[in-house]
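*Asks:* Handing you this structure, nothing more for now.
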């Protein structure tokens with residue numbers, strides 16, 4: 001009995017450790033990206049190049065983990081037809097999301113960017129209805145209205161609003177919503193389930209190619225114009241490694257808990273980012289209106305996640321089989337973008 005109790009406590013400790021690791025890495029990566037892009041010491045104001053570096057690093061590490069070291073097994077079922085019709089669009093939207101989201105940090109504060117991202121469920125719902133994946137209902141309209149109202153109030157309370165940054169951030173939100181829609185279409189039409197490492201194994205190279213083309217035309221000339229490349233490669237490598245570690249932490253949390261846990265942790269992370277950024281960055285000045293509006297939006301997001309999880313749970317009960325805990329569907333309606 002004592003051994004069983006110790007084993008349970010040990011399992012609980014490990015679970016909470018993974019959750020705290022996810023919150024720390026997710027929050028820290030956002031601050032890390034902001035610092036790399038805006039710091040004069042690092043001198044790397046190239047969001048497209050930073051995102052491209054992340055995807056190349058992720059591609060190499062995923063290849064090493066799955067094909068060389070064989071620590072993680074790549075999920076089977078991927079075909080050329082699925083890759084062309086589903087993975088490439090997902091990779092393109094993923095690249096667009098990270099690129100525009102990182103670019104927004106050059107114009108707006110981390111806290112305000114996080115507040116704007118709360119509108120994500122609204123974009124996903126609207127596109128989902130257009131794609132035939134969501135049904136319009138009074139309850140969902142009420143939830144979407146609450147989220148939208150909260151984001152509007154938070155935006156109204158922003159002291160130093162920069163509309164260029166807002167446009168970039170909203171573009172990132174639309175890209176992420178499209179990515180989630182493509183992923184849900186892939187799940188419903190093909191029935192493919194991948195763990196995060198397998199997902200990044202397939203998506204990262206595609207995203208890297210999608211980013212490389214605009215990088216050649218938009219940023220390479222700027223970098224070359226500043227003289228010989230003399231960047232802090234240790235810092236950039238560490239930044240890329242932290243991004244990959246964040247993706248791995250998502251895998252660990254989901255495999256030891258559930259999708260509900262990662263979403264609750266995501267809400268906690270959002271508040272941590274908003275509050276801590278006010279202490280770390282001089283461009284972040286929170287107001288009572290900011291926080292009040294964001295609280296309203298988060299309440300709407302929580303209601304949305306609860307509604308979606310109940311809907312998903314009713315499906316899982318009849319279809320779940322042993323071993324499913326280590327694979328997650330290629331869809332997440334919450335704000336779980338790991339690199340922004």
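Glycine is no exception: its Cβ is also placed from the backbone N, Cα and C atoms.
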*Asks:* Scan 12-32, 306-326 against Swiss-Prot and say which stretch is down as transmembrane segment.
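*Replies:* Transmembrane segment, as annotated by Swiss-Prot, spans 12-32.
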*Asks:* Counting only pairs 6 or more apart in sequence, are there at least 3 Cβ pairs under 8 Å between the transmembrane segment (234-254) and the transmembrane segment (80-100)?
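*Replies:* They do not touch: fewer than three Cβ pairs between the two stretches lie under 8 Å.
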*Asks:* Which stretch from 80-100, 163-183, 286-305 shares the most C-beta pairs under 8 Å with the transmembrane segment (110-130)?
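*Replies:* The stretch with the most contacts is 163-183.
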*Asks:* If contact means at least 3 Cβ pairs within less than 8 Å, sequence distance 6 or more, would you call the transmembrane segment (141-161) and the transmembrane segment (286-305) in contact?
*Replies:* yes
*Asks:* Using a Cβ-Cβ cut-off of under 8 Å, list the residues of the same chain that are 6+ residues beyond the ends of the transmembrane segment (197-217) and lie near it.
*Replies:* 48-49, 51-52, 55-56, 58-59, 62-63, 65-66, 72-75, 78, 83, 87-88, 90-92, 94-96, 98-99, 247-248, 251, 330
*Asks:* Checking distant contacts: for the transmembrane segment (12-32), what same-chain residues at least six beyond its ends satisfy Cβ-Cβ under 8 A?
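*Replies:* Same-chain contacts beyond the flanks: 110, 114, 239, 242-243, 245-246, 249-250, 252-253, 256-257, 261-262, 265-266, 268-269, 272-273, 276-277, 280, 338-340.
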